[in-house]
Structures are given as structure tokens and as C-alpha cells.
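Here is the structure we will look at, set down as C-alpha cells.
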Amino acid sequence: MTPIQKTATVGGKDILLETGKVAKQAHGSVWVRLGDSIVLVTAVSAAEKKEGIDFFPLTVDYQEKLFAAGRVPGSFFRREGRPTEKETLTSRLVDRSCRPLFAEGYSNETQVIATVISFDQENDTDVLALTGASAALHISDIPFGGPIAGVRVARVGGQLVANPTLAQRAEADLDVVMAASRDAIVMVEGGAQEVSEAVMIEALLFGQAAVQPLLDAQDALRAATGNKARRAFEPPKNDVELRAKVKALTWEKVKEAYGRNEKHDRYGRLSEIKKELLQALKDEAAGDAAKLATIALREKEIKGYYEDVKYDYMRKMITDERRRIGGRGMADIRKITCEVGLLPRVHGSSLFTRGETQALVATTLGTAEDEQRVEMLTGMVFKKFMLHYNFPPFSVGEVKFLRSPGRREIGHGALAERALRAVMPPEDQFPYTVRVVSDIMESNGSSSMASVCGGCLSLMDAGVPIKAPVAGIAMGLIKEGEKIAILSDILGDEDHLGDMDFKVCGTAAGITSIQMDIKIGGVTRDILEQALAQAAEGRKHILGEMAKALSAPRGSISAYAPRITTIKIRPERIKDIIGPGGKTIKDITARTGTSINIEDDGSVSIASPNQDKVEEAIKMIRGLTQEAEVGRIYLGTVRKIAEFGAFVEIFPGTDGLIHISELSDKRVKSVSDVLSEGEEVMVKVISVDRSGKIRLSRKEALADSAKKSEGTEPPKGEPAK
């Protein structure tokens, strides 16, 4: 096959789509290039459907090869290891964008693999993987309803930019990744520095317009490859008569069940209704072996119709009756309770409860040694702020093996981390490494948003001087014709009902994090404005409830947290603190029990829960690095006597010379007449030459001291006051 190329211009830069050159045995293979960043994306789907499942078995894997950036992996085996957080999050982005577009009922195992094979240190590859996944599926025979395309939108200096460089992203106050089709925004994930809802909507519409050339390029690529026919598959059964019978037998019962407020009571009743349905159908067929056998064979189909009844009833209840589970209105928030400081030995803690969703959140303050080190294409990255989300099975009354965090937990943690990172203090004001851990105690929807709220309270309880409190809210939107219902603080039951599910986090001033999944077209600017405005009202209500427990960061950190003090030294004196083979710094840390971190710019951070030990370490470091200051008086020790003068140590490691003429205002015949080795003597620094040689004067020190009414001597090795 001759390679085929199509180009689209986005944000003033060309994006190349190419197929037919590599990975030709995949059902769809596309090479996506922006600048010198290249991602190879392949799509393959099994020939036969997977039996016994009620979901679409799609797997998306995004992987970054370090050779793409000219790097050798730093692991022992010099191979790429387990997926990094970025790889996991990008895999989720692609999955969330593409999954809703596959044909309903298609159940063949499908795998999309996106591999970064070249990285130019300027153009990020996640949006290339997103576009490439759509393109690879679009040119294949897999029943995919694309195309869609990905774009990153940033606001730099007040201007919206499509697919910004890494340097531009560092200056941006808004940074979102989104996927869009011709008539809809499909997926949004990103963060911001407290931007308004209007700015966010402007960015989303800007991004949707920006991807249109990429959609044209994908259609052109499909046409050039022969417009492969979509493979045939067995569509889901739709027995109209049986569907109607299931509805008749269950509708009123479902209506009664959804009137129950308590989650387990409601779920228990809905499960009973399903059993009653199957039994009713069996009773109706009693005595007819063939009918009974048919019911047994079609049990999965019957259960599917029952799920449709639940889905249809809840949407009708919301759009027609304007009523929700528990009798809540569209914008009502469940009851909120907050508690802080409940874990006595933890640096900061909170318990945030909203309805039947609860998060226990702990904050730990650490030093620079506790930073997370992550090897990425851009090099080694050091993270000083982390939020980890855990979802144990007991939170929903289930029994499961405890394993390492899955993609969902990593994704929820990243969303909450992004929401709070926007208000974290700069490192020069708060030099701590901060880890927040959210353990979900119980869940009935919006557990990631409970982690945001609980995380904020936990940070404030720990004394972290955040810029402003942050809250998060999960929202849903249902659109039936002209009827629109926007739901605030959705339950687990409502989570899958919506045509648009979105989570918005932020302060009272603006948005710090957003996540959206939109399943339909026709979501206009007006609808987006209504949805985000209602989310803002809900967010402000939650912030008010949080303020009742703790309205601002505590004035001091926990007694059990390390005290970090940062001092500055001249970079050329770093070697004096470290010593040969690290001997000196090891001695200081051993004697004081502190943790010491030295930056290349001369910043020295000393940490210990005991402030006295910190001060002791600082004194030792000052003694090693302080420099003689002209005009200052020091109390030194005579180290050596010579005919022409005396050498005096004014502080550890630093000597100066008192010439014989500077010993006294009277004539001195011999230095030993005035000084002796080991004697302490007041001296004044009168000059320091370019080579660092220090000239001292005893007579000027005596004269200056005589003028002072207090007549006090300075401590040894320190300037006179």
C-alpha cells in the first residue's frame, strides 16, 4: 500500500496524518505528527464477539517510549516500567472520548494502542494520541461513529491558543484538553487559575472550532483508503412485545422503589423487582416447557429491558415531573457535614460527608526529600504536591481484593489534585512537600468531589496557607427535545442518566478544575452557560457549609510536622557544607537530627519537628559559610604568632591577619608582648582583598568598643553588635 498523507492546520501549525507506511497488519494505523513530535496509533478488533458480557470490551493504552526524547530509562533493567500517571490519564482521555461512539451492541474485543515515538520538547503528544485514535478507527472496518479530534486550549496573556507549546502552557492561566466532533464537544479535562465560567465556555467553543480541519483530514484519509465498509455484527435484540410486557410488569414498582431515599433500601427493592419480574414470566409460562426454556435462554435480554425501564422512568421523572430521588429539586444539594482535626497525630485531617458519600482525608507535610520523582519525556520531574484517592470496596458494601490503584482511582485523584494545586502557595513561601490522601468511607455519587472538599479542609487544618478554599460539585444534564433538566450534586443512580455529565471545582472567584463528558449534539452556548451557572451556585453553597467547620488555614502547622527554615548562602560555599564525600553535612544531620536539602542556587532548607534543633543546625551552617564583613567587629581566637603580626580565626575555617602595627595605638616591639596563641581577642575587619585575604585590626576594635556605652563583647565567631 502506498503511504497516504493528509494535513490539517490547527493553531497555525500543521498536523500530519499518515497511513500505509507502518503497522499495516493492524485494522487501522495512523502516524500523527506535530512539529517533531510523532505518535503511532493502531486499532485492532477481534473477529468474533466476546460472549457473556454486558459491556463493550475496549482497551486503550497510551505509552511513551523514552527513546522518543533521546533518553535511556533510569530503571535497573533500563526498560520502561509500569505506566506513569500521565500515561494512565491519557489512556483514560482517549477511552472516554471514543467509547461512546462505537455502535451499540458491538462486543468484539477492541484495542487502541498509542505509542509516542518522537518528542520535540515543545508539542505535547496526548492530543495527538486522541486524534490518532479516532483516525485509526475511522479508516478501519470497526463500527465506529467518528470522527472526533483532540485539541489543547490554553489562555496565555489573555489570548486563547490551540495546541500551545510547553513554554506557553507554563504561562497559561487555563489549560484544557478536549475532544470534539462536528456538532458536539465530546470530552473536556483541564484546569485553570480561578477563571470565570464565561472564559471557560469561550475556551470550549474555541476548541471545537479549532478541530474542524482535523475532522476534514480524517474524512479525506478514510476516502483515500477506500472507505472500508463497517463490519457486520449482530445488533442487540429488540423484542417490542417482550419489552412492553417487562414495562407493564415493573413500571409502577420501579416508581415506588425510586421513592425510597436510602440507597441500600432502594437497591434492595430494585433487585427484588427484577426477581419478581422473572418469576412472573415463569408463572405465566407454567406448564409450557418450551416457553420456560425460552425465558431461561433470554434472561439476560429480559434483564436488559428491565434496566431500560429504570432508565426511562428516572429520565421521565426528572424531565416531566421535575422530581429527583429523595424528593430533591434540580439544584438541591444533599445535607453536608464537615469535621476537621479528628486524627490527633496527623498533620491535617478532615471528614467530609455529603448525603451518603463520605471522604476521610489526611494531609502530610514533608521535606524536599519526600518529593515524588517521575521520569518523563521532558526529563526528571519533581512533584511537591500530590493527592491520592482510594476507593475501598467497603465504601459501597462490596467484597473485593485490595489491589494497587486502578485507572479510575488515578483519574479521580488527578482531578482533585488539579483542583487544589491552583490555590497552593509558592515554594518560596511554603517549602513543604504536601501529600493529601482521600479514603472514601462510603459512596453514593460524587466521591471525587468529596475528595476536593475534604482535601481543602484537610490542607487548611494542616496550616497550609492556600490562596482560597476550594469546593467541587458533580452535575448532570438531561435533554429530551426542548425539555432540559440540569441536576446538581448527582447520585450514583443519576450518574449514567445524563446526556452531559460534568464536574466543576473552584473557589468563590472561579474555576480551578473541570471534567466533562457530553454524549449528545446540540448542547448550545446557552445550555453550557445555564449548566455552569448552576454549578457555580452549588459550589458556593458547599463553600459556605465548609466554612462552618474551618473558614481559613490555621495560623501554624501541626506540632508533629517538620519545621522548615530556609537560609541563603553563596553557591560557591555549598562545598563547605557538604564537605569531602558528604562528611560535613552528614555530621550536621547526625548531631542535630535534622534533614538538610541544598539547592544549586544556594538555598538551604533545614527541617525538624524540633525548632531548637533547626536553629542549632543553622548556627553550624552559618559557622561554615559566613564571610568576613568589612567594618564588623568579631571575637576571634589567636591561632599563630609571627614576627609581623598574628593570625586570628574569627569564625570556624576563616582566619585573618592582624599586622603588628594594628595591635595597639602605641608602639609594639613584639607581637608576643600583646597576644599569645589560643587567646581570644576583639578584632575589626578593615579589608578583604580579591583573593579573600582578610586584614584585621585590634586597635580599631578597641577604639570602637570604647565608644559604645554598653561595652558588651560579641559572642565568639559572631559580629559585634
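Including glycine, each Cβ sits where the backbone N, Cα and C put it.
Going by Swiss-Prot, these are the annotated features:
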BINDING   D495, D501  Mg(2+) binding site
DOMAIN    562-621  domain 'KH'
DOMAIN    631-699  domain 'S1 motif'
REGION    699-721  region 'Disordered'
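Other Cβ atoms within 10 Å of the Cβ of D495 (Mg(2+) binding site), summed over all protein chains shown, number 14.
Neighbours of D501 (Mg(2+) binding site), defined as other CB atoms within 10 A of its CB across all chains, total 20.
Within the model, the domain 'S1 motif' (631-699) shows a mean pLDDT value of 90, rounded to a whole number.
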